[in-house]
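Have a look at the structure below before the remarks.
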């Protein structure tokens with residue numbers, strides 16, 4: 001796998017941002033940065049300050065925690081639930097499979113609705129659904145297995161969409177140059193779930209009962225919903241514009257405004273009209289989106305294969321580990337994910353800014369007019385695919401190599417420190433790839449952040465659910481070493497999708513833009529009477 005080479009000439013580390021002095025006969029172009037404009041005609045993308053954006057993203061990250069947390073906190077209690085319900089482990093595992101299926105499907109609905117009716121009311125509805133379903137699960141009779149299955153589906157419907165809604169919030173308030181950093185911090189919440197969910201679930205089930213798990217999630221999601229009700233503002237641009245337009249309905253306004261308090265203006269431009277409901281499944285017909293989703297889905301499935309088989313393999317390879325010890329082993333991969341989360345945001349933003357600066361330098365050298373950096377970034381020729389995916393070849397190779405090494409370390413029965421260390425690297429590289437792909441998807445479909453994230457979610461969850469169902473039979477048939485060699489090989493075989501996206505993605509994106517513009521021109525407009 002050969003790393004992608006930038007088509008922009010390399011810049012010396014000693015070079016400055018200013019161009020060399022030009023001859024007097026030629027006007028030196030200047031940069032007009034749209035983000036610094038303060039006049040009335042060219043407003044900033046959002047009225048929220050950088051600090052206020054961090055506050056909003058942090059609230060969304062807290063809500064996004066519950067999708068993976070609710071799934072993972074359930075795992076340690078499966079043997080106990082199986083015993084209480086007098087059902088086989090396979091039947092209880094079916095509740096996990098159904099949870100993942102609903103986790104993939106429901107964001108398609110909630111995300112699409114939020115792109116029209118707003119982020120805030122849908123986020124509150126999801127958290128309310130989650131809290132009420134947890135009450136039902138905590139009280140479900142052990143004689144009603146069907147009710148356990150049903151309530152787990154309802155629980156997934158409430159929790160899963162918070163991730164897509166959070167991505168929509170970021171697309172509302174952040175420019176493309178900022179999104180990498182915000183997605184990096186936003187992912188902290190969803191990544192805490194896989195890290196601490198099994199540990200907390202095992203401790204609660206051992207100290208109290210499996211029902212305590214659902215009471216814990218009920219209280220946590222209820223407090224989160226209360227906090228968002230009190231403080232989270234509406235961000236959908238078709239409702240509040242850049243944040244300065246007062247919402248017309250009370251549901252969109254928090255009782256306590258901690259962000260944007262002094263920037264609601266009386267004289268404002270009407271926000272853009274609300275978008276018509278669009279079927280998010282049509283996004284699967286976009287070649288650049290489909291290629292990116294397939295690439296993400298394959299790497300996500302392999303990651304699920306590593307984590308889903310962890311407890312079974314570690315109990316067999318290291319029989320001296322207790323159930324609590326095995327739960328603590330999840331902290332290794334979770335810690336790697338946290339490391340990747342913290343570092344990926346800054347790396348994504350720096351790569352984006354570097355390509356932007358290089359393009360500005362090229363434009364300066366070839367133009368005598370002032371250069372608007374905002375227009376340059378919004379131009380369809382801006383290589384957003386390369387800006388987001390530039391470092392992914394290295395991450396994909398490291399990830400695949402560590403997956404293969406992880407399998408052979410277990411096969412060789414080496415010290416437990418070796419597979420745990422490899423898990424840290426797997427977690428860090430995995431989350432970097434996911435954040436980069438998520439940022440690219442939001443850039444490819446502007447204004448529909450929740451819908452495209454829902455499409456991303458359904459691909460990952462459905463392929464991941466398939467991997468969970470086959471990974472253990474593969475390990476039994478091939479052994480640890482060859483099983484994970486096969487999984488790592490899948491990743492390497494999928495790597496050409498990255499080249500296809502970077503090479504042909506801009507072409508497909510431009511064709512889609514031209515088609516949409518043509519459709520907009522041909523669309524009949526209402527005639528005023």
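Glycine is treated like the rest: Cβ placed from N, Cα and C.
Values in this document were obtained by computation on a predicted structure and should not be read as measured data.
What TrEMBL says about this protein:
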| type | residues | note |
| --- | --- | --- |
| DOMAIN | 56-506 | domain 'Major facilitator superfamily (MFS) profile' |
| REGION | 1-38 | region 'Disordered' |
| TRANSMEM | 54-75 | transmembrane segment |
| TRANSMEM | 91-110 | transmembrane segment |
| TRANSMEM | 122-140 | transmembrane segment |
| TRANSMEM | 146-170 | transmembrane segment |
| TRANSMEM | 182-206 | transmembrane segment |
| TRANSMEM | 212-232 | transmembrane segment |
| TRANSMEM | 284-306 | transmembrane segment |
| TRANSMEM | 326-348 | transmembrane segment |
| TRANSMEM | 391-408 | transmembrane segment |
| TRANSMEM | 420-445 | transmembrane segment |
| TRANSMEM | 457-476 | transmembrane segment |
| TRANSMEM | 482-502 | transmembrane segment |
So, does the transmembrane segment (54-75) come close enough to the transmembrane segment (122-140) to give 3+ Cβ pairs below 8 Å, pairs being at least 6 apart in sequence?
yes
Looking at the transmembrane segment (326-348) and the transmembrane segment (482-502), are there 3+ C-beta pairs under 8 A, with each pair at least 6 apart in sequence?
no
Recorded stretch that, among 54-75, 182-206, 212-232, 457-476, 482-502, has the most CB pairs under 8 Å to the transmembrane segment (146-170):
54-75
Check the transmembrane segment (284-306) against the transmembrane segment (182-206) for contact, please; criterion is three or more CB pairs under 8 Å, pairs 6 or more apart in sequence.
no
Find the member of 91-110, 182-206, 212-232, 420-445 that has more C-beta pairs under 8 Å to the transmembrane segment (54-75) than any other listed stretch.
182-206
Quick test of the contact rule: Cβ under 8 Å, at least six residues beyond the ends. What residues does that give for the transmembrane segment (182-206)?
53-54, 57-58, 60-77, 80, 163, 166-167, 170, 174, 212-213, 216, 307, 323-324, 327-328, 330-331, 333-335, 337-338, 341-346, 348, 431, 434-435, 438-439
Can you tell me which of 91-110, 212-232, 391-408, 420-445 gets the most C-beta pairs within less than 8 Å of the transmembrane segment (482-502)?
391-408
Note the mean pLDDT of the domain 'Major facilitator superfamily (MFS) profile' (56-506), expressed as a whole number.
84
For the transmembrane segment (420-445), what are the same-chain contacts with Cβ under 8 Å, counting residues 6+ beyond its ends?
167, 170-171, 176, 179-180, 183-184, 187, 191, 283, 286, 288-289, 292-293, 295-296, 299-300, 303, 306, 329, 332-341, 343-345, 347-348, 384-385, 388-389, 391-392, 395-396, 398-399, 402-403, 405-406, 409, 451-453, 455-456, 505, 509
